[in-house]
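Below is one structure, written out as C-alpha cells; comments come after it.
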Amino acid sequence: MSLPDGAHPSQAHAVWHRISAALVPQVSRDVSGVAAARDPRLDMFRGLALVMIFINHVPGTIYETLTNRNFGFSDSAEAFVFMSGMAAGLAYSGAFRSGTMWTALTRVWARARHLYFVHIAITMMCLAIFAAAALWFEMPAVLLKNNVEPVLRYPLQSLIGIPLLSHQLGYLNILPLYTMLLLAAPIFIMIGIRRPWLTLALSVALWALAGQFRINLPNFPNAGGWFFNPFSWQILFVIGLLSGMAMKRGETFIPFNRTLYGAAAAFLVFVLFWVKIPELGALGRSGLGLLADAGAPFYITWFDKTFLALPRLLHALALFYVLGHMPLMMQFAASRYAAPLRAMGRQGLAVFATGTVLSIFLQVVKTPRQPDPLFDGMILGGGILALFALATMLNYTASLRAKTAAAKAARA
C-alpha cells in the first residue's frame, strides 16, 4: 500500500501506532482496574446487550439486521449470561471469603428469589397484552405465537407449568435460566475460591455431558426441554463468574496473551466472513457436516442454541476476550458517549424486565405492519428512550439514597 502524496513515512508509522495501541494492549497486564472498583465496561456492554435484546425481541423490523447476531454465531443472549455471571462474581464472592456461609448463601438466593417473582410478574403482564389484543382489537393471531396457545388449550396444566418455570412464553426464557444459575452459583463460588481451574473443568464437563446425553430440564405441559438449557449455558455463566471473582481481587482470570488475542481476533474475522459470504458459509457447513459424518456429536458440529453448541460458544468467548482486552473499549466505555449504555447497564434487571414487556406490546403493535424504516425507528427509538429514562430515574433515586445514608452515618 503506497503512502498519500506528501505523507512522510514517520507520519504513517505514527498513525499505525495509534491504531495498534487502540486495538491491541501493548503489555500483558490486568486492565480491569483496582480490586472492587466498578468497571465501566461491564455496565456499558450490559447496556448494549439489553438494547440489542430489545431490538431482537421485536421481530420483523429492518433494524434487527443490525444487531450482533447478524455478524457471528452468537448473539446478545450469550453476552447477557456471561455478564450476569461476572456481576455475580463481583457482587457475591467477597461474602463467601470473609462472611458467614449462611449470610453469603442467603444473599445469592435472595437475588434468585427476586428474579423468579419478576419473571412471574412479566409473564402475567405479557399474557394480559396478548389477551387484550385478541379481545379488544380483534387480533386472535397473537394467541398462536410465543407459546401462548398451550395456556388456552391446557389452562390447568399451564397454571402449574408457569410457576414451576416449565412453561415459558417465547422471548421470556432467560430469567428462568438466570434464576437457576444463581441458585447453583454458591457451589461454583465455593469451589472457585480455592480451585478456579477445577471449577472451569467441572463446568466444561457438565456442558459436554448435557450435550452428549441431551440432559435438560423438562417442559410442562409441552414436550421437550427448556429453550436455554441450564446444564449447557452454565459454562458461560461460570466463566463470567470466575472472571468477576478475579476482578474482585484486582486480577484477570484469563490474562492478556498476544498469541491468544490474535487467534481470537482472527477467528472473529473468519466467522464474520462465514456469515456474510454465502459460498464460504456453505463450505464451512460442509466441513462441519464431514465432522458429523465422522461421528462428532451435534453440539460440536452445529449451531444449536438450546445446548450452546461449540461454534456459538467459541465465538462468544473469542468476542468477550478481544473486547475485554481492547484498550479502545476501555476508553469508550468510560467516555460520555457511552453514558446512556452505562446507565441502562447499572439497572439491568429493571431495564430487561420493562424492555421485555414493552417489546411484547410492540410485537402486537407491529403485527399487522410490514417492515418500515420510519415506523420501526419510531417504535424502537421510543422504546429505547423510555428504557433510558427509567434507568436514569432509578440511578438518580439510588444516588439520593446513598447520599442520605452517608449523611446519617456522618451524623451518627
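Cβ atoms here come from the backbone N, Cα and C positions, even for glycine.
A quick note: this is a predicted structure, and the numbers were derived from the prediction, not measured.
Listed by sequence, the residues of this chain that lie at least six past the ends of the transmembrane segment (48-67) yet keep a Cβ under 8 A from its Cβ atoms are 75-77, 79-80, 83, 171, 341, 344-345, 348, 351-352, 355-356, 358-360, 362-363, 366, 369-373, 376-377, 379-380, 383-384, 387. Annotation source TrEMBL lists transmembrane segment at 48-67 (among others).
Annotated transmembrane segment per TrEMBL: 79-96 (among others), in sequence order. Listed as Cβ neighbours of the transmembrane segment (79-96) (distance under 8 Å, sequence separation of 6 or more from its ends, same chain) are residues 36, 42, 45-46, 48-50, 53, 68, 103-104, 107-108, 174, 177-178, 181-182, 185-186, 189-190, 192-193, 233, 236-248, 316, 319-320, 348, 352.
Packing against the transmembrane segment (116-137) from elsewhere in the chain are residues 143, 146, 148, 151, 162-163, 165, 168-169, 172, 175-176, 179, 349, 353, 356-357, 360-361, 364, 367: each is 6 or more residues past its ends and has a CB under 8 Å from a CB in it. If you look up TrEMBL, you'll see 116-137 (among others) marked as transmembrane segment.
The transmembrane segment annotation in TrEMBL covers 169-190 (among others). Sequence-distant contacts of the transmembrane segment (169-190) (same chain, six or more residues past either end, CB-CB distance under 8 Å): 57, 77, 80-81, 84-85, 88-89, 92-93, 96, 104-105, 108-109, 111-112, 115-116, 118-119, 122-123, 126-127, 145-148, 199, 203, 217, 226-228, 230, 233-234, 237-238, 241-242, 245, 352-353, 356, 359-360.
Counting same-chain residues at least six beyond the ends of the transmembrane segment (197-215), those with a Cβ under 8 angstroms from any Cβ of the stretch are 188, 191, 225, 229, 231-232, 234-235, 238-239, 242, 297-300, 307-309, 313. Residues annotated as transmembrane segment in TrEMBL: 197-215 (among others).
Tertiary proximity for the transmembrane segment (227-247) is limited to same-chain residues at least six positions away from its ends with a CB under 8 Å from its CB atoms, namely 32-33, 35, 39, 77-78, 81-91, 93, 168, 173-174, 176-177, 180-181, 184-185, 188-189, 192-193, 196, 199-200, 203-204, 206-207, 209-211, 215-217, 253-254, 299, 305-308, 313, 316-317. Taken from TrEMBL, the feature transmembrane segment applies to 227-247 (among others).
According to TrEMBL, the transmembrane segment annotation covers 259-277 (among others). Same-chain residues lying 6 or more positions outside the transmembrane segment (259-277) and placing a CB less than 8 Å from one of its CB atoms are 24-25, 70-73, 284, 314-315, 317-319, 321-322, 325.
The annotation transmembrane segment is assigned in TrEMBL to 313-335 (among others).
What TrEMBL records for 347-365 (among others) is transmembrane segment. Non-local neighbours of the transmembrane segment (347-365) in the same chain are 46-47, 50, 53-54, 57-59, 80, 87, 114-115, 118, 121-122, 125-126, 129-130, 133, 137, 139, 142, 145-146, 171-172, 174-175, 379-380, 383, 386-387, 390-391, 394-395; each lies 6+ residues outside the stretch with a CB under 8 Å from one of its CB atoms.
Here TrEMBL flags 377-398 (among others) as transmembrane segment. Sequence-distant contacts of the transmembrane segment (377-398) (same chain, at least 6 residues past either end, Cβ-Cβ under 8 Å): 47, 50-51, 54-55, 58, 61, 63, 340, 343-344, 346-347, 350-351, 354-355, 358-359, 362, 365-366.
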